[in-house]
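Comments concern the structure below.
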Amino acid sequence: MRIATWNVNSVTARLPRLLAWLEKSGTDVLCLQELKCSAESFPAEPLRELGYEAAVNADGRWNGVAVVSRVGLDEVVTGLPGQPGYLGEAPEPRAVAATCGPVRLWSVYVPNGREVGHDHYAYKLEWLEALRAAAADDTAAARPFAVLGDYNIAPTDEDVFDPAAFAGLTHVTAPEREALAGLRALGLSDVVPRPLKYDRPYTYWDYRELRFPHNKGMRIDLVYGNEPFATAVEDAYVDREERKGKGASDHAPVVVDLEV
DNA sequence: ATGCCTCTTAGGAAGAGA
């Protein structure tokens with residue numbers, strides 16, 4: 001069984017690539033983030049023609065997440081139980097869960113944080129705590145379970161191209177990394193993919209400054225799986241080929257093959 | 001070639017992303 005997670009930076013703008021990649025890669029379940037579409041404008045029909053059904057959480061602005069599956073889609077939960085809103089506003093569409101055949105998956109888009117000390121940074125940490133609390137039961141269950149998505153955190157200094165360039169910035173701070181440690185303490189482990197080229201499995205490269213050709217990237221799209229999930233992993237890799245060319249997202253898909 | 005940012009809303013310019 002092949003599953004994947006991909007921040008597509010607009011599912012509408014990425015639709016031709018998305019459909020082609022699903023067919024080419026043979027992915028059974030894909031977790032999507034940053035849809036940037038409304039629930040009504042999500043491209044459910046072209047996906048259905050390829051044999052996929054979708055659980056979508058979107059509001060027509062930024063954010064938006066989905067689980068797209070051709071192996072079943074049950075027990076859908078839209079939104080993160082107990083998730084905070086930003087500055088007291090309504091919760092944003094940053095989480096959706098579904099059971100797809102033998103595995104249970106969450107697709108999450110963790111808030112960016114913007115700057116250390118910003119209200120959005122506090123929101124990011126609150127959001128991660130809500131995620132930790134909400135993931136406990138599925139993590140402890142016997143069924144393979146994983147939280148996949150754009151965490152907007154590089155777990156270690158090895159996961160950014162130049163730690164010095166990120167000093168004092170979000171994505172690498174101790175509180176953010178401690179939030180990841182909190183998830184691991186539940187019983188989730190970081191399923192680290194292999195890179196298809198070079199030595200580090202970056203998943204994101206800024207559009208600017210030739211970051212991709214120079215391989216100045218970050219690993220911020222993560223797969224955190226419980227023990228039954230981690231044991232079932234046969235292979236995991238970053239499909240950096242999908243970052244190439246015109247009309248690419250700034251993130252590449254992370255692919256995980258499971259023996260289930 | 002992997003190539004100098006892209007997407008959205010809105011109706012021109014600006015915010016968000018990380």
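Any Cβ shown, glycine's included, is placed from N, Cα and C.
Predicted automatically and left uncurated, TrEMBL annotations should be read as such.
The structure displayed is predicted, hence computed values, not measured ones.
The following features are taken from TrEMBL:
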ACT_SITE  A:TYR109  active site
ACT_SITE  A:ASP150  active site, proton donor/acceptor
ACT_SITE  A:HIS251  active site, proton acceptor
BINDING   A:ASN7, A:GLU34, A:ASP150, A:ASN152, A:ASP250, A:HIS251  Mg(2+) binding site
DOMAIN    A:4-251  domain 'Endonuclease/exonuclease/phosphatase'
SITE      A:ASN152  site 'Transition state stabilizer'
SITE      A:ASP221  site 'Important for catalytic activity'
SITE      A:HIS251  site 'Interaction with DNA substrate'
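Sequence features annotated in TrEMBL and their locations in the structure.
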residue	record	Cβ neighbours (10 Å)
A:ASN7	Mg(2+) binding site	25
A:GLU34	Mg(2+) binding site	23
A:TYR109	active site	26
A:ASP150	active site, proton donor/acceptor	27
A:ASN152	Mg(2+) binding site	23
A:ASP221	site 'Important for catalytic activity'	26
A:ASP250	Mg(2+) binding site	18
A:HIS251	active site, proton acceptor	25
Note to self: Given the recorded positions A:ASN7, A:ASP250, A:HIS251, find the one whose Cα is closest in space to the Cα of the residue listed as 'active site, proton donor/acceptor'.
What the structure shows: A:ASN7
Notebook entry, point to check: Between A:ASP221 (site 'Important for catalytic activity') and A:GLU34 (Mg(2+) binding site), what C-alpha distance do you get in Å?
Noted result: 12
Notebook entry, point to check: Quick one: Cα separation, A:TYR109 (active site) versus A:ASP250 (Mg(2+) binding site), in Å?
Noted result: 15
Checklist line | Collapsed DSSP category at A:ASN152 (Mg(2+) binding site) | finding: coil
Notebook entry, point to check: Could you give the Cα-Cα distance between A:ASN152 (Mg(2+) binding site) and A:HIS251 (active site, proton acceptor), in whole Å?
Noted result: 11
Notebook entry, point to check: In Å, rounded, how far does the Cα of A:ASN7 (Mg(2+) binding site) sit from the Cα of the residue listed as 'active site, proton acceptor'?
Noted result: 6
Check: Can you tell me how far the Cα of A:HIS251 (active site, proton acceptor) sits from the Cα of A:GLU34 (Mg(2+) binding site), in Å?
Finding: 10
